[in-house]
Amino acid sequence: MSTLFISDIHLCAQRPDMTAALVRFLAHDAPGADALYVLGDLFEFWIGDDDPNPLHGEVADAFAALSQQGVPLYFIHGNRDFLLGQAFAKRAGMTLLGDPCVIELYGERVVLSHGDLLCTLDEGYQKFRRITQLKWLRWLFLRLPLARRQAIAHKMRGQSQMENAHKSQTIMDVTPAAVDQMLRQHDCRMMIHGHTHRPAIHDFQLDGAPARRIVLGDWFEQGSVLICRPGEQRLEQHALI
């Protein structure tokens, strides 16, 4: 009996080792789980479900094979793949969830999020995030020619890398006040999120009672998986080879 959580795999054609590691995880480690949650940034970027990139089909089929074995699959959008839609989710056998969302995990209410909502000190990014949530803008972008979307995504990734190189680590991390607010708002004592690439389990006090925040790791150097069982949460690392 276990529920699995992963995030920030950042799959792309340039890193076939990460794709192979994920496919291996889905085929050999995830079967038999009570559920698998992917908390965003499964892909390095996503410009629409109509992108014919063969990587997308390979990954969707690997998830679908797990779904067909009876493992429920859930996905929360990240800041890199916020345009991932129902067509891909249907092929992969996934259910799309909102951010944040609350689940019942072995009798405990847990709030899930990709995590970028919690980085409130990064005001520039939060402004950009609000813009990307505009439905009319998404509708317009997805109707651009595929080549145009690819060019825009490439330019935006370059700008993001340049900006992040000059930001402090504090600005790009979550703020305690935002964590506390989200927990209170959803009446939870536990939170699971990704985005910051700083895997850890943080225990703290919230309104005089114990609370826990679990941060998932990325898959750049090794796979990072959170394994939850009744009364237990454990972060594990998996080799990419």
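Backbone N, Cα and C define each Cβ position, glycine as well.
Swiss-Prot lists Asp8, His10, His197 as Mn(2+) 1-binding residues, and of the candidates Asp34, Asp41, Asp49, Asp173 the one it assigns to that same site is Asp41.
In space, His114 is the closest of the binding-site residues Asn79, Arg80, His114, Asp122, Ser160 to His197 (Mn(2+) 1 binding site), judged by Cα positions. Its Cβ placed at the centre, His114 (Mn(2+) 2 binding site) has 25 other Cβ atoms within 10 Å. Using a 10 Å radius centred on the Cβ of His10 (Mn(2+) 1 binding site) and all shown protein chains, the other Cβ atoms total 19.
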